[in-house]
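What TrEMBL annotates here:
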type: COMPBIAS; residues: 1-13; note: compositional bias 'Polar residues'
type: REGION; residues: 1-38; note: region 'Disordered'
type: TRANSMEM; residues: 59-78; note: transmembrane segment
type: TRANSMEM; residues: 98-128; note: transmembrane segment
type: TRANSMEM; residues: 140-159; note: transmembrane segment
type: TRANSMEM; residues: 190-209; note: transmembrane segment
type: TRANSMEM; residues: 216-238; note: transmembrane segment
type: TRANSMEM; residues: 265-286; note: transmembrane segment
type: TRANSMEM; residues: 298-323; note: transmembrane segment
type: TRANSMEM; residues: 354-374; note: transmembrane segment
type: TRANSMEM; residues: 406-428; note: transmembrane segment
type: TRANSMEM; residues: 434-453; note: transmembrane segment
type: TRANSMEM; residues: 474-493; note: transmembrane segment
type: TRANSMEM; residues: 499-521; note: transmembrane segment
Amino acid sequence: MASIKRSSTSNAPPSEGDLKPNNPLQSDFNDEEESSSIDSDERYLKRALGYKQSLHRQWGFFESFAASFAALYSVGGIRTTFTIGVGAGGPAAYWSSYLITCVFVFITAAVLAEICSALPAAGSIYFWAAESGGRRYGRLFGFIVAWWSTTAWTTFVASNCQAAANFLLSEITVFGLDFPTDPSDIKFRALQWIVSEGFLCLAIGMNYFDPKTYRTIFRVATGIILLDFFMNIIWLPIAVSKSYGFQDAKYVFTQTYNETGAPPVWNWMLSFYVTAGILVGFEASGHISEETKNASVVAARAIFTSAVASAVIGFPLVILFLFCLPDLNTLYSFGAPQPFVEIYAMTMGRGGHVVMNVVCIVGLIFNTTVAGVASSRLIWAVARDGVLPFSGWISKVSDKKEPRNAIIVMHVVAALLLCTILASPVAFTSLVSAAGVPTITAYALIAFGRFFLTPRQFQNSPWSLGRWSRPLTFIALVWNLYLAAVLFSPLYFPVTGQTFNYSPVIFGAITILGIITYLATPEDKWLPAARLGRVHQLEEEHNP
């Protein structure tokens with residue numbers, strides 16, 4: 001029974017009452033019906049984590065890797081937020097902050113990969129938070145991170161659709177059409193909303209395909225990212241050399257800039273506002289771990305390698321864009337919703353830039369589709385444990401072993417979030433600014449719990465950091481706390497109603513929802529902490 005050898009949560013043996021399943025998706029630990037009829041993944045899920053195998057399990061390393069790699073889409077993230085990044089500190093701050101971010105993202109991804117190896121369950125980040133809090137704080141951590149993470153991923157899905165809409169609507173400026181592109185104009189916002197909702201239906205619509213079709217979606221999404229990367233690496237510099245020419249090395253590596261109005265030191269620190277947002281969400285492989293074969297190894301490897309791959313292909317693009325883009329005054333004078341479309345038009349011409357823009361839009365659509373796969377599994381897993389309203393309905397699985405109702409919930413909520421575009425240019429932007437904060441703070445909370453509350457767990461994880469686990473966990477804690485402080489900061493100074501960063505307010509409201517549901521939900525209606533402790537009991541039984 002080597003497959004049972006994993007991690008632990010508590011030294012106290014769980015009682016039979018604690019282990020009794022309270023919904024059809026949880027297993028009875030005393031049920032010994034399974035033997036050679038189930039594989040090691042299902043056996044561990046049932047015997048150690050306390051869940052029945054409810055979703056299909058047919059994906060391998062590539063699908064697991066693609067879930068995080070395509071959801072991250074660092075190429076698109078750099079392009080979408082580039083003008084904000086160079087405005088805080090200038091080119092010198094952008095590339096150096098990106099390098100620093102890469103190092104600490106690798107550390108955070110390694111820490112989460114080790115936890116995933118011990119607890120390869122759908123919902124990952126929520127489940128890991130519950131474990132990291134131990135028997136005393138596990139339920140509280142679980143409820144709070146459940147709300148943080150589901151909100152973050154659903155908001156990310158909505159913001160991606162708006163980003164894709166901005167690329168398309170930027171053609172209004174390029175082709176000189178008689179239609180406003182100012183976000184303060186309700187006519188533009190109405191069109192932006194309609195296009196965003198259309199992209200949402202297209203992207204999430206692919207989530208209803210059968211599991212085998214997802215293999216193709218994962219491959220197409222990964223292929224588009226690589227195509228996007230190589231088109232920029234090869235085509236853009238050729239086009240720039242034939243148009244306005246390159247920036248010099250002194251500009252790229254030493255030029256500073258202060259578009260934010262913040263004090264000089266904090267202006268530089270605000271460059272992490274963008275670099276952190278580009279490389280976040282690599283835990284997506286964990287969200288689909290119950291659909292991954294040999295998940296304790298494969299999902300963990302996928303988390304780490306996808307984070308590394310996304311960061312590595314992103315850095316040359318950051319340097320390339322700094323050399324290829326016009327000076328900052330010109331960059332900030334563009335009137336298109338997405339400045340890169342105008343840059344492509346200036347360098348590649350009206351015809352050539354359309355091809356580039358189509359790749360950008362299709363990339364974002366598939367990015368949203370893959371993010372939807374991860375998001376829906378997270379929502380389903382949280383509902384399985386009774387955390388969300390209407391959890392019984394949300395956690396139902398279709399005949400094809402897919403969380404269809406969770407997909408519907410994600411789609412409806414994302415569509416409602418997009419409706420805030422109509423209210424004002426600040427409303428939706430505020431929601432988007434809060435998308436990365438809950439995930440970053442969840443990373444920090446998990447690291448806090450792992451370092452201070454459950455420091456001796458996962459010693460037998462198949463994908464283990466060994467003696468480096470604890471120091472790297474502490475580094476991940478400090479780093480993600482720092483990022484949270486940056487993400488809570490206003491991005492422009494002086495602070496007014498238009499420039500105020502509402503993410504702390506939104507984050508606070510989400511946290512309160514988590515605490516309310518924690519207090520209102522009886523413990524016996526949630527995954528009892530003792531079920532997590534079952535892992536330790538099994539280790540003692542099979543490794544006396």
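Cβ from N, Cα, C; glycine included.
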| request: Go through the chain and flag residues at least 6 beyond the ends of the transmembrane segment (98-128) whose CB is under 8 A from any CB in it; none is fine as an answer. | output: 6-7, 41, 44-45, 49, 51, 55, 142, 145-146, 149-150, 272, 275-276, 278-279, 282-283, 285-292, 295-297, 299-301, 303-304, 306-308, 311-312, 314-315, 318, 377-378, 380-382, 384, 387, 439, 442-443, 446-447, 450, 457-458, 460-465, 469, 472-473, 475-476, 479-480, 535
| field | Feature contact check the transmembrane segment (499-521) with the transmembrane segment (265-286), CB under 8 Å, 3 or more pairs | value | no
| field | Cβ-based contact of the transmembrane segment (434-453) with the transmembrane segment (406-428), 3 or more pairs under 8 Å | value | no
| field | Two-stretch contact, the transmembrane segment (499-521) and the transmembrane segment (190-209), at least three Cβ pairs under 8 Å | value | no
| field | Remote residues contacting the transmembrane segment (140-159) - C-beta distance under 8 A, at least 6 residues beyond either end | value | 123, 125-127, 129-130, 132-133, 196, 200, 203-204, 281, 368, 371-372, 374-375, 378-379, 382, 385, 387-388, 410, 413-415, 417-418, 431-432, 434-439, 441-442, 445-446, 449, 507, 510-511, 513-515, 517-518, 521, 526-527
